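Taking it in order: structure first as structure tokens, then the write-up.
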There are 2 protein chains.
Amino acid sequence: MNYPNGRKGVSQRSSKQGKTQATFSNRGMTLEEDIALTNDYYRHANIAIVHKNPTPIQIVNVDYPKRSAAVIKEAYFKQASTTDFNGVYRGRYIDFEAKETKNKTSFPLSNIHQHQIDHMRACEAHGGICFIIVKFAIHEEVYFLPAAKLFWYWNDQFQGGRKSIPYDHMKVEGELLPFHYQARVDYAAALDKLYF
Amino acid sequence: MNYPNGRKGVSQRSSKQGKTQATFSNRGMTLEEDIALTNDYYRHANIAIVHKNPTPIQIVNVDYPKRSAAVIKEAYFKQASTTDFNGVYRGRYIDFEAKETKNKTSFPLSNIHQHQIDHMRACEAHGGICFIIVKFAIHEEVYFLPAAKLFWYWNDQFQGGRKSIPYDHMKVEGELLPFHYQARVDYAAALDKLYF
């Protein structure tokens, strides 16, 4: 794979002011948006097929006006029974959750729910590859953490351990995902390194 | 795997009328409901992890009343970018669409959309296993058809071929999925036979 070397913070000439400025091409993008673009790129470049699972909605009332699209008039958010993303990469089932934190020193485990842990455990037991992607917004860093390591911290919190994964641990236990112009959250590179 | 031999049409004693009647335990169940129950069973019996993808919804307006759940007041159905179901079975990514037809002699290909074909092609190219499950309601029969065979019929319709898969062909090209009490649409048995 040949990625354009489109790192963040590349100097660009502003045509308006006629002088050079540092710009961040992902400024204002959420982690989820960056992953959506990455998935689009992976799909079009024939690297992986991964989609975000739609948010499950309980529909209560739908209006069907003549000659136009059905309008949902009353509906409620339901709790998802899976994680956010799944798909297939190099013949393997992959499944992951993405979370962003504004916390500077740790990733609070309250961002993850028990049913997501249960789902990831089940998928791993059947040969799937599960992981989480965590963005530390303040550090502008994105980490890939394999499910097995997440499970360790998850269990530890119920045995008197901490209720978060320290940023310093994430730097050691996780894989830093560098920003690329197209593969903005290049988790496939981490999968290659860790599982293939 | 040991399935209870709970076939359809088993005689049961009706306590009300005090006489034996033929009953159909899946009477009134849609194919989708039967697959949902099958997926629940597979999950609890540790056979496979498969979920239905929620219907994608474009949310336009949400009301957040104090002290109660958010109410979606205006939303629209969006076209899905994937098929209905996906998950992991014996280490492989699986992905399928389920369709029910009241047609007696054939399964009209208009039940399938081009984007679903594209999605299945892409998943198969990456090592996933894709298929469709077709229920002929009148015959009370459910068939498993591998994506490769579906693709053949799909392409053929654009080269002067028929726009449907004849029921007689389905009987030969597909796998009849017998009804079991728990695995009501036992696609895992067909996967075992065809892919493992």
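Here the Cβ of each residue, glycine as well, is placed from N, Cα and C on the backbone.
Database features, via TrEMBL:
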- B:1-25: region 'Disordered' (REGION)
- B:11-25: compositional bias 'Polar residues' (COMPBIAS)
- B:Thr82, B:Asp84, B:Glu97, B:Gln116: Mg(2+) binding site (BINDING)
- B:Lys99: site 'Transition state stabilizer' (SITE)
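Sequence features annotated in TrEMBL and their locations in the structure.
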residue	record	contacts (Cβ under 8 Å, 6+ apart)
B:Thr82	Mg(2+) binding site	B:Asn53, B:Asp95, B:Gln116, B:His119
B:Asp84	Mg(2+) binding site	B:Glu32, B:Lys52, B:Asn53, B:Phe96, B:Glu97, B:Ala98
B:Lys99	site 'Transition state stabilizer'	B:Leu31, B:Phe107, B:Asn111, B:Ile112, B:Ile132, B:Ile133, B:Val134, B:Lys135
Recorded positions (B:Asp84, B:Glu97, B:Lys99, B:Gln116) in Cβ proximity to chain A, threshold under 8 Å: none
Cβ atoms near B:Gln116 (Mg(2+) binding site) (within 10 Å, other residues, all chains): 24
Structural state of B:Gln116 (Mg(2+) binding site), classified by DSSP into three states: helix
Other CB atoms, at most 10 A from the CB of B:Glu97 (Mg(2+) binding site): 23
Cβ-centroid neighbourhood (8 Å) of the Mg(2+) site, B:Thr82, B:Asp84, B:Glu97, B:Gln116 excluded: B:Asn53, B:Ala80, B:Thr83, B:Phe85, B:Asp95, B:Phe96, B:His119, B:Met120
